[in-house]
Amino acid sequence: MNSSTSTMSEEPDALSVVNQLRDLAADPLNRRAIVQDQGCLPGLILFMDHPNPPVVHSALLALRYLAECRANREKMKGELGMMLSLQNVIQKTTTPGETKLLASEIYDILQSSNMADGDSFNEMNSRRRKAQFFLGTTNKRAKTVVLHIDGLDDTSRRNLCEEALLKIKGVISFTFQMAVQRCVVRIRSDLKAEALASAIASTKVMKAQQVVKSESGEEMLVPFQDTPVEVEQNTELPDYLPEDESPTKEQDKAVSRVGSHPEGGASWLSTAANFLSRSFYW
């Protein structure tokens, strides 16, 4: 009779499930379906209270992706436990500083989804000040670098690029715009953009140029020097920060992941939701 507690070893663990949801949420074409699914959004909320920090980290990345879709924000904000769980992550003393900042940004986006402009601005500034207080002296100012990556044309290349960027100490977050072969990277202010180019060049199949705007507002591609830059290795996963500075818009231009099909994604969401509904009791 007690079948719901049987053979958990045969099912995916929480980290693999949340990582799959994160990867699906990275594709703009999947974001509405994930939020509309009856099990996935509540599951991500429960993941925020998981005792394993990488699970919390991955859940927040997924939520940040989902919040990029404006049509999702009201439903996300109204989902039972969403705002409270984000507050708990921010206020918990054991939460890493950058994870607090990530949770605070998601909270800002959802909280301001139905505010007047003035109220939204004040609320977001207040939340950011609070997050920076939690970060303390370890919080350095971040900057955004937009890269055009020759060779970034399928999922396997994107995975290679992800692995290269994750190894760089000082990379806070990144998001891809596959349709235009771009990557928007948030980095510490003391990290040079050349380090990103060196890491991408190390893949041997991709090469990066920096996207900058001229005084007239036109975009230009600036090549990096071929001289390799020594890259300090990172031992921690970065957290996701917004790509507001991106000079391009991804909406209506995004491509689905290679080999993926809408019906396949729906089937996986159903499997994940089934796992979520039976497994979140710690």
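Cβ from N, Cα, C; glycine included.
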Per Swiss-Prot, the candidate from S113, S189, S216 carrying the annotation phosphoserine: S189
Protein Cβ atoms within 10 Å of S189 (phosphoserine), excluding its own: 9
Number of helical, extended and coil residues in the repeat 'ARM' (39-81), per DSSP: 32 helix, 0 strand, 11 coil
Arithmetic mean of per-residue pLDDT over the repeat 'ARM' (39-81): 91
